[in-house]
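Feature annotations, reproduced from TrEMBL:
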| type | residues | note |
| --- | --- | --- |
| TRANSMEM | 26-44 | transmembrane segment |
| TRANSMEM | 56-76 | transmembrane segment |
| TRANSMEM | 119-139 | transmembrane segment |
| TRANSMEM | 160-181 | transmembrane segment |
| TRANSMEM | 187-206 | transmembrane segment |
| TRANSMEM | 218-234 | transmembrane segment |
| TRANSMEM | 246-263 | transmembrane segment |
Amino acid sequence: VCPRGQRTDDNKICRECVGSPDRYDWLYLGFMAMLPLVLHWFFIEWYSGKKSSSALLQHITALFECSIAAIVTLLVSDPVGSLHIRSCKVKKLSDWYTMLYNPSPDYVTTVHCTQEAVYPLYTIVFIYYAFCLVLMMLLRPLLVKKIACGLGKSDRFKSIYAALYFFPVLTVLQAVGGGLLYYAFPYIMLVLSLVTLAVYMSASEVESFKDLLVRKKRLVVLFSHWLLHAYGIISISKLDKLEQDLPLLALVPAPALFYLLTAKYTEPSRILSEGGNGH
């Protein structure tokens, strides 16, 4: 086992991690940082109610909390006081799960060699979530108590209670599936952005471009999904070849355009009426 901040080289000798995270590593950390923010926004919107004027301020506060937590996490990571971090390169999936590879030389005694071979990509996420939780508990209750007009006393804190549930879930997700998420997050992001956009547009009964323009909130949701979709495409391509990868970003609006162009043909009431006429 190596001390924290070191990992073994090809000769099984502990060497200090002196490299920097590559572009894909930063994209992974960005994805893990976005998860609590997106969940904050979802539950704030879910529990704020249509008449509440406090949702926007809560959205901004959640963004502020997560941004400050990210900056503080980078500052306390080695080298301390700098936004840069030193890291070890991820070589394979098993690097994330060193606890599964503890050897038993005599098949009786287990030698514990568990270490953070992917330093600091595994533990830095836990540190970030801890700062997010602390900042939320310090800032959000005071804000909600002052500005949450139009909500009952029991409803105004529900978005905070939701966070107290999803932070442990995110922590377990990182602890168990950190390595899997590292390799799969671009595809997870693409699929989720497509599915949630389709569900939102269907639930909001958006069937044309005119329906989108009626409310600014719908445009905000649309552009947010486009940003997530673009993030997923950039994560897959890594923008290694700009002339080849940048044109892929032109595909970002394609799912929304396809939905708007075909929504009128899949309207349930129309299908039922045509089915009835056929009989």
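Just so it is clear, glycine is given a Cβ too, placed from its N, Cα and C backbone atoms.
With a cut-off of 8 Å on Cβ pairs spaced 6 or more residues apart, the transmembrane segment (246-263) and the transmembrane segment (160-181) reach fewer than 3 such pairs and are scored as not touching.
When Cβ-Cβ distances below 8 Å are used as the criterion, the transmembrane segment (56-76) is approached by residues 33, 36-37, 40-41, 44-45, 48, 82-85, 124, 127-128, 131-132, 135-136, 139-140, 143-144, 147, 159 of the same chain, each at least six residues removed from its ends.
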